[in-house]
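**Q** Dropping a structure here in C-alpha cells format, bear with me for questions.
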C-alpha cells in the first residue's frame, strides 16, 4: 500500500487549506487516482490497524439494502453512530390507529423524588417537562389545566413517577432529534389522538407538525384519490385558494363553477380523518434510520430499481458491456439522506476472465475514510467475481476533492513514519447462492500484519 502512503505525503506537501461543511478545515488536492492488482493481495492498510469487522459488516449491511443502523449496532459497529437522517416533512403518509385510554387518577403531591439530576443535564430538563405535564393534567390551579385535565387528559400510572418518565422518554420516536434541537421538538400525544400521556401514546414531534392541519381526501375527475396535508398543500395541487377549498368542504361543490374554479369540475373534496379509528399522519422516523443512503440506492434506486442485482446479472449475460454501473447519487433524495454519498458511483469491467472495478468519490477523508472504502470495494469485487465465476483484476480509486482534516495532520505524520507490511490474502470459504447470502464468517483475511491503530476524531 505504498501508493496510499504517497497520497498522504502528496496532500501534506501540495494540499491547499480549505474550509469545509464540518468547520474543521482541510488540506485538499483535486483529482487523484490509485490502483491495485487484487490478484497480488488484498489492499488493506498495514501502517495502522483497520477494524475488519467494521469493513465486512458495513458492506453486508449495504448489500442488504438496509438504511437502519440497528444491524451495525448489534454487531458493535459504531461508524455510523454520529449521523442520522435529517428531519423533514417529506415522508411517507401512513395511517395510524387512535389510542384511547381510560382516565388515570393521581393522588400524589407532584414530588420529584428520585429526580436529583445534575444541574443543566438533559435529565434535569426532562424532569422539568414531567413537572409541567403533571401540572396541566392534575393541578386545577394551573393556567392550562382547562385544556388538559378538565378535558379528561391524564397520565399513565408508570409516568406518575418522575424517574420512570425520564427513562422512558429517551426511548420514544424522534428522541435523537429532540436532543439536537431541544426547543423545536415537543412531547406529543396528539399524533395518536390519545387522551393520555404514556410510553405507548407519545412521541417527540417537531413544532411544525405539532399543530395538526386537516388532512384532506381529494378525488380527481379520473377517480384518483389524493391524501393532502392541509389547505395550503391542497391549494398548490388544485390551483384554488385556501378559502375556496374550505368552502367546498363546508358547503359542498356548487353546481356552477366560475373563472378558474372551472378547473375542478368533477373533483370531490372531503376530510380524510373521518369518524373512525385510523388517522392519516406522516410516518415516524426510526431513531436509527439514515434515510435512503448507499444500500437503499444500490437495491431500490428511486424505490424500485435493484441496481446491484441487475449489474450482477448483466456481468453474467453480457460481460463486455460498458454499462455495469451503479450510482448512489439520487438528486431527488439527497435531502433525505443522513450524509450525501461520498463514494457516489462504481463500475465494473470484464477483461478476459478478470473483473475490474473503479469507484468514484466526490469527497475523500484520506486518513479515516479511504482505507475503509478501499477495503470495502475490494471485498465487493471479490464477492461479485465469485458470483460470476471470474477472477479478480484491478481495483481503481478515483477521487475529486481529496483531503486530510487539519485535526488529523499529526496522526498522518505518525502513519508516514511507519513502513508498510506485505498485503494479506482474502479467502472466501464457500460460494453462497447469491450476493445476498454472504455472512461475516465466510471471509478470512490471511496474514494481516499491521502497525497499531491510530485514533483520530471524526468530523461530522
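Here the Cβ of each residue, glycine as well, is placed from N, Cα and C on the backbone.
In TrEMBL, annotation is done automatically, which means it is predicted and not curated.
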**Q** Out of 3, 353, 373, which is the one TrEMBL records at the dUMP site of 21, 322, 323, 362, 363, 364, 365, 403, 404, 405?
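**A** Record check against TrEMBL: dUMP site with 21, 322, 323, 362, 363, 364, 365, 403, 404, 405, extra candidate from 3, 353, 373 is 373.
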**Q** If you count other CB atoms within 10 A of each CB, which of 21, 323, 363, 403 wins among these binding-site residues?
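**A** The residue with the most neighbouring Cβ atoms within 10 Å is 403.
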**Q** Hey, what's the widest CA-to-CA gap across 51, 365, 459, the (6R)-5,10-methylene-5,6,7,8-tetrahydrofolate contacts in the record, in Å?
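**A** Overall maximum Cα spacing for these binding residues reaches 19 Å.
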**Q** Return the residues near residue 405 (dUMP binding site) by Cβ distance under 8 Å, restricted to its own chain and a separation of at least 6 in sequence.
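**A** Counting only residues 6 or more apart in sequence, the Cβ neighbours of residue 405 (dUMP binding site) under 8 Å are 20, 22, 24, 25, 26, 365, 367, 368, 456, 459.
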**Q** C-alpha of residue 323 (dUMP binding site) to C-alpha of residue 342 (active site, nucleophile): distance in Å?
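**A** Distance between the two Cα atoms comes out at 21 Å.
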**Q** Taking each of 21, 51, 363, 403 in turn, which of these binding-site residues have a Cα lying within 10 angstroms of the Cα of residue 342 (active site, nucleophile)?
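**A** Candidates kept after distance check: 363.
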**Q** List the Cα distance (Å, whole number) between residue 51 ((6R)-5,10-methylene-5,6,7,8-tetrahydrofolate binding site) and residue 403 (dUMP binding site).
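**A** Per the Cα atoms, residue 51 ((6R)-5,10-methylene-5,6,7,8-tetrahydrofolate binding site) and residue 403 (dUMP binding site) stand 22 Å apart.
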**Q** Residue 459 ((6R)-5,10-methylene-5,6,7,8-tetrahydrofolate binding site) has how many other Cβ neighbours within 10 Å of its own Cβ?
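**A** By my count, 18.
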